[in-house]
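Everything on this sheet refers to the single structure shown next.
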Amino acid sequence: MSSRLGAVPATSGPTTFKQQRSTRIVGAKNSRTQCSIKDNSFQYTIPHDDSLSGSSSASSCEPVSDFPASFRKSTYWMKMRRIKPAATSHVEGSGGVSAKGKRKPRQEEDEDYREFPQKKHKLYGRKQRPKTQPNPKSQARRIRKEPPVYAAGSLEEQWYLEIVDKGSVSCPTCQAVGRKTIEGLKKHMENCKQEMFTCHHCGKQLRSLAGMKYHVMANHNSLPILKAGDEIDEPSERERLRTVLKRLGKLRCMRESCSSSFTSIMGYLYHVRKCGKGAAELEKMTLKCHHCGKPYRSKAGLAYHLRSEHGPISFFPESGQPECLKEMNLESKSGGRVQRRSAKIAVYHLQELASAELAKEWPKRKVLQDLVPDDRKLKYTRPGLPTFSQEVLHKWKTDIKKYHRIQCPNQGCEAVYSSVSGLKAHLGSCTLGNFVAGKYKCLLCQKEFVSESGVKYHINSVHAEDWFVVNPTTTKSFEKLMKIKQRQQEEEKRRQQHRSRRSLRRRQQPGIELPETELSLRVGKDQRRNNEELVVSASCKEPEQEPVPAQFQKVKPPKTNHKRGRK
């Protein structure tokens, strides 16, 4: 004992404790020394080693008598250093090793954990986990299935290799059905060639007529419907394509090298005509303008070119129209959407106006868009509107933001509006204010309206056929015509005023002249009466004649044979 650990001096106090500590570290390094504590005092136990000592009677070293018996360590300090307090147990027989310094087994630790769960958690750093029972299902799922084994060179092995390579295997009987598993393929082969319906395009077998129709519609939609004489029935074909598009949502090109799909019938048909064709064939299919020879790929492009560059296409009669335009008209009537009754009536009126009047008077560069009337061509007068200062407008806008409404500023008017534009329109027709703007007046029937939208609606609904004046004396511009009409009305008013003044003067002339003989007075009165009758008859006949412009008209006084002052 003294040869391995060294002699411990028989001194008391702190020096003895340091020596004991150093010897304990040396024993830990050799990993053959175990430390045990008995009655809160240190005791060293050295395992039996035959190579070092020949005696077998020394199973444990003697206790150190010099270590003070009163020196004790706390239980918490010993537990922090994983030093278990020694228990009263007898040392085993010769050659046995004392188990006092060994770690407790798992069962004893669990018992200590039940007594001190928090300290156990702090000392050993073990977390409390709930006891879980193993799930038999999860264990069963984890079992990996072994790949099926088939005989070498059998059909099952060939099918399995094809499924691994391509993902599916086709039926060897019909070559139209594919399956992803060998079991599914065998199940199909039991009923193969027993279905009632077979596709005559690809040979696929189906169990029901509805399934066959859907298969043909979805996979063979490019095949046209033929008549008795092998002619394509366009209405039936369009109806079939419309049904396919409604159910599937798209039409796909059936060429193997093309994967295009379309959401409209026109786009699909346009693609089918040109898909897979060479440049020479596409060049033959182009449409050329008969005026300038410019080529176009579509009829819509050619129609736009003719409208914008070579005048309106509707001015041509049916016999004089080019073949391309006739085809366009027939296509728009036969296929596509059905026109409404109002649209047909409008087209009829436009064509009638264009063919009858506009082709004669308008320039050749006019287009069909000029047939649509705009504000300048509307036959109504606009009244003047009052002007407002910026301060007033700013005040109105502020009131709208605060109170969300504006009241009419005129006294006695309780009109309320939620916008500045509405208040402006109201002030133009409000009779309680200083400004009276007037009303909108239709020049065709002299009817008055409060708002501009009202007079526009009136003209569009009542005078729909009177957009353009159909009169041989009309000019090319509607504005010039309106100016001439205004001038004629002013001249007519001037004539009436002039006639009324002349009649008043003639009536006042006998009172101003000097008294004459009775004979001369009678003759003068008779002549005046005759002259007045002539003037009245002439005034009655004048409105029946066409009005003559003022610049070509000369006012001539009526000729009379009576001379003043002559007997």
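Glycine is no exception: its Cβ is also placed from the backbone N, Cα and C atoms.
According to Swiss-Prot, of the residues K333, K402, K485, K333 is the one noted as SUMO2 cross-link. In Swiss-Prot, the feature zinc finger is placed on 406-430, out of the ranges 256-280, 406-430. Among K73, K227, K250, K447, the residue that Swiss-Prot annotates as SUMO2 cross-link is K227. Cross-referencing K18, K493, K559, K563 with Swiss-Prot, the residue annotated as SUMO2 cross-link turns out to be K18. The DSSP breakdown of the zinc finger (440-463), given as helix, strand and coil counts, is 11 helix, 5 strand, 8 coil.
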